[in-house]
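Engineer: Sharing the record's features from Swiss-Prot:
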BINDING   GLY86, THR89  Na(+) binding site
TRANSMEM  20-40  transmembrane segment
TRANSMEM  43-63  transmembrane segment
TRANSMEM  83-103  transmembrane segment
TRANSMEM  110-130  transmembrane segment
Amino acid sequence: MRNWRQAENIRLYIAVGCGAAIGALLRFLSGWVIVAILGANPLWGTSFVNIVGSFIIMFFATLTGPEGRWLVSPALRQFVMGGLCGGLTTFSSMSLDTFLLVLHGNAAFALAYLCGLVFLSLSAAMLGLIAAQRINR
């Protein structure tokens, strides 16, 4: 029994690690594309990945949760939610961006950026919930 649990834990670790690697690569590439399209301001890339990641994690969590239609393995659930979304989103970059704005004398903009990003990320999560609930019906 113990060996089975260890093997299952190893599967979860590998799933999270692979998902995180893909999520981090997607974060880097999407940031690069967003900056190329909208300009050199890194706030756009950070905002984009956090908003999209919030939608994805809530959408997937709702579809694969106890009331969800999709039955997936714990490894796949951790791959998407812990790995992919964890690697894609970036709280640390948001914190760095906010503090850099404050340090450069843009405290009001920093507050607006922080509040706006939290609001938009939570709104995206709500949209993910609503979309998945419609599929679950």
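Any Cβ shown, glycine's included, is placed from N, Cα and C.
Quick one: how deep are these features, and who are their neighbours?
Structural biologist: In the three-state DSSP scheme, THR89 (Na(+) binding site) is classed as coil. Counting every protein chain shown, 22 other Cβ atoms lie within 10 Å of the Cβ of THR89 (Na(+) binding site).
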Engineer: What same-chain residues lie close to the transmembrane segment (83-103): Cβ under 8 Å, and 6 or more beyond its ends?
Structural biologist: 15-27, 42-43, 46, 49-50, 52-54, 56-57, 60, 109-110, 113-114, 117
Engineer: Excluding near sequence neighbours, so keeping only residues 6 or more apart in the same chain, what lies with its CB under 8 A of GLY86 (Na(+) binding site)?
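Structural biologist: When sequence neighbours closer than 6 are ignored, GLY86 (Na(+) binding site) has VAL16, GLY19, ALA20, GLY23 within Cβ distance under 8 Å.
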